[in-house]
Every structure is written in structure tokens, then in C-alpha cells.
Amino acid sequence: MSMTGAVLLSLLSASTFSLASAASHASTNVFALDALVNRTSNLLSAVKLHPSLRSSIFDFVESLGEFSPEQIEAVWVQVRKRAIAPALQVAILLCLVMSVMLMLEAMYMSAVSLGVKLLHRTPETRYRWEPISGDEELGSLAYPMVLVQIPMYNEKEVYKLSIGAACALTWPPDRIIIQVLDDSTDPMIKNLVEQECRTWASKGINIAYEVRENRKGYKAGALKKGMEQTYAQQCDYVAIFDADFQPESDFLMRTIPFLMYNSRIALVQARWDFVNYSKCLMTRIQKISLDYHFKVEQESGSSSYAFFGFNGTAGVWRISAINAVGGWKDRTTVEDMDLAVRASLKGWKFLYVGDIKVRSELPSTFKAYRHQQHRWTCGAANLFRKMACDIVLAKEVSLLKKIHVIYSFFFVRRVVAPIVTFAFYCIVIPVSVVVPEVSIPIWGVVYIPTTITILNAIRNPSSLHIMPFWILFENVMSMHRMKAALIGLLETSSVNEWVVTQKLGDTLKEKMETNVAESTRTSFIRDRVSFLQLGFAVFLMCCASYNVVFGVNYYYVYIYLQAFAFVVMGFGYVGTFTTNS
């Protein structure tokens, strides 16, 4: 939304609030309407609008002055009863249904993951696992050939970390190939990455540096190109690490045996760990969400259906499984999930091993985090649109698994969750305070969100004190996620927008010190201020203020807090900040 759109939203919210307030006490304040007309006219004079739009709004506002406050009140009551209340009641019903779906899904996943933990159903008890032992006759040939792919794009701050960690993996040197897939567009960074590869090659590491003429297909295109190399086709398994991921040296020793001794397992996924989670409040909040994702969503999917979404990194694939389902595809921005769904529909199994952790970096700037969430949410919704029919028609999986993939994995978690979070808690509940003809049952307003919050808190007991901030932050982010989900479902022009998540590595402090001196007012507004969020904050404040004066409940406590969260995040005072300079 443009700045003008945000201003119009603010004007509309303020005018509606003032009009409803004037109608509510028309008998005691006969000048309220005149004051509203004058204030609105003054505000319109200060806003740059198209002449025709300005003229239409002026005519509407001035026409209000021809009616008495009593007439305005009567019109408002009738419009509220006959148009607004019925529509709002339908919205409430839909939101309650979606909230119940979301809560039941969260309860099911939590029950499964908790059962796995209590019953000690470790991956080693469910699947065969044995350490790879050397053979005097075979020697290193007892170990399968492994390809380690590291896709990167202008990763100046972290490229040494991932390359160094990959080259330190424990595995026979003649049975492993490190492949750096560099899509960097900065010649200086390309030279640095290439030089790093040459340095490791001089130490006897089998490392290949690959570049492309263009970035077609982004990460999927790079991974696909890497798999086409002659040496890659000789490998049995491929481990994938993004540029900021640093696996422990025993990563392959702990994951590869699951693939070697269980022929139907196509993917072994490790858990992410975070080196910078204590950097700021936003990174701590991200850790809560991602820990829940791994401990609950991935664990429950792995244990119940041997299916979950590949996280795109920190995992090992069976190369024959990738080839059997058509390889990497770049039709969405979630190439990892695309591959996982296609492999699952062919009967392949996935295994999540939560005891194996790979260090990585969380986005510490709000701009980077917002772009990341847009890519993940939009891509998943778009993949659902593209693959729904394929899932229904798949012949190699059971009906129960089809239902799980369509309903639980896609519809509830990737479509319902972002939409109901914003629509219900940020729109429907605030609007309901100015429409007394409708009411929302307390179980929908309090019990359901409390249950979902508790389920998250159970798996993050050390972060209990942050949960209130997590709630407010996630509600603000739901605005961006809902927009991304709708873009994916409707497949608009920006559906395949790809912005690589910025990594700062160990240079964050230096960047902040340098950029504070160089940053300008223009870059501050461009990189930090969101007029859409600020405009929405005005709407929430109007609803909360109306609830304070005329309401019969205490929704204003929550609405004011949520409005404050929109203001804080709207001005960019969340996370760390570095300019583009």
C-alpha cells in the first residue's frame, strides 16, 4: 500500500470512529458532526490527492453537514444493523471455524511430538542405524560417494564459515566432493569465494567451484545445474547447506547410515541451531517459532506419516530419489517443499533427526525477515495451487496420507493459519467493538488463542517471558503473511519474487557502527518505515478508543497493545538495522 493509501486508511478510521462516537451521544453533543466535518476537511486539505478524488471526498463530507446528529445516528444504526452486522457475523463464524481447525491441528501435532519424546521413539529405534565401519579389503570404498552442495549469492559475510565447515566434515577424502554453487553478481565477492575454494583445494580437499551465466531458477536452478556435472552423477547422496550453515564434523557419519540401511528413506533432515538468537528480541521470537516448527511440526510429520517439508538446507538426500521424481523445479520460491511433496507422492519416506543440529544465522533485520517470510508463505500457497490435483490423483500413497498433505500440511498450516491470524485478531475483533449487534464467544477470543500459545510455550519453557511479545509480533507479521498467501493462491505478477535473506555473520557490529554515520533520513524512511502498518495502527487505536468510551467489554486492552506493536514495527524499531550502503 502506498503512503497515500495508508493516509486514506487513517482518515477513514478516524472519520468512522468520530461518526460513530457522534451518533452514540448525539443528544448531548450537537456540535460533534460539525466538528467532524471541519476536522476531516482540514485533514483532506493537507493530503496530496488526485483532484477528482479530493472533490468527491469533499462533496461527501460537506453533505454530512446537511443532516442533524439525530438523523445521522438513525442512519448509522440502520446501516449497522442491516449491512455491517450480518457481514461481520459471517466473518466471525468463518474465523471461528478456521480457529478451531488451527487449534485441533496444533493439539494433534503437539500430542504426537510429545508422545515421541515420552516414549523415547528415537529415529534409531524406528529405523536401522549402524555406524559405518571400515573394511580392510574395501578400504574407503565401504563409504558411499557424497556430494556436498553449498549454494550462495553475494555471501561476503558468511561464505568462509560454510565452506570451512563443509571441508571439515569427517569422511574419506576420496569419497566426498564439496561443490560451491556461486550465483554472486558482485565480481569482488566471486573472486573471494573462488580464492577460498582454491585455498582448500591446495590443502587436498576435493572441492569444485561452479558458476552460471545467469540466475535462472535462483537456488533451484543452481542446485539443478550442480547435479548435472559429471562428477555429481557418480555420487549416491547429496548434503545441502545454505551459505550461513555450519554442520558439525560428524554430520555425515550420523545421517548417511539412515540412508544406507533403509532403502525407502529419501531424506534425512537435521534441526537448525542459531548462533545469533540472543542478538535482539526479534531473533529470540524467531527462535520460539522455529523451535516449535522443528520440535512439533517436523517431529510429528516424521513420526506419523514419514513426511514433512524439506527445510532447504541441513539435510541429506538420496540422489536416486531426486532423479526419480524429476529433479529440482523452479516453478515456485519453495523448491525444497516442491521436491519433498513430489517425492512423498512417489512413496519415499522422510526422517527428521532432532538430535543432529546445524548452526545457522537468523535474519536480524526486520526487512530481511519480512522478505524471507514472504518467500516462504507465498511459495507454499502457490505450490498448493499447483499441486492440489496431483496430490488427489496420486496412486502410490494412501488416502489418509493424501488427506494429511492436502488438509493438514497445506490448507490448515499454509493457508488458514496466516489468513485467520490477521483477519480475526487484527480486523474482526477490533471492528466488533463498534458493532454491538454482534458478539464473539469467549472461547473464540480467549480459550483458542490461549491453547495455541500454551502449546508453543510447552516446547519453549525458557522463553515464557517472551511469549506476550511473540503474540503481538506474530499478529503484525500475519499482515504480511496473509498478503503473501493470497498472492500465492491468486498467482499474481509478484508470485515468484525472490529476495535472498541477508546474512551479517560476524560483521553486524561493524556494519551498525559504519551505517549509523552514513545513514540518511531518506534511507531511514525507505528501509524502516511502513506506512501500511502505521495506517493500520491508527485503525486499531480508533477501535480501542471507541471501546473505552462506549464498549461493554475489555477488548481495548488487547487492541491498544496490538496497535502499539504496529506502531513500533511500523517505524522499524524491531531487530537490528543496517542501511544498504
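Backbone N, Cα and C atoms are what each Cβ position is placed from, and that goes for glycine too.
Just so you know, TrEMBL annotations are computer predictions that nobody has curated.
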- Query: Which stretch does TrEMBL mark as transmembrane segment, out of 250-268, 440-458?
  - Reply: 440-458
- Task: Averaged across the domain 'Glycosyltransferase 2-like' (237-432), what pLDDT does the model get? Just tell me the whole number, please.
- Result: 96
- Recorded stretches the transmembrane segment (529-549) and the transmembrane segment (440-458) touching, at least 3 CB pairs under 8 Å: no
- Item | Interface-richest range of 83-104, 440-458, 555-575 toward the transmembrane segment (411-434), CB pairs under 8 Å | 83-104
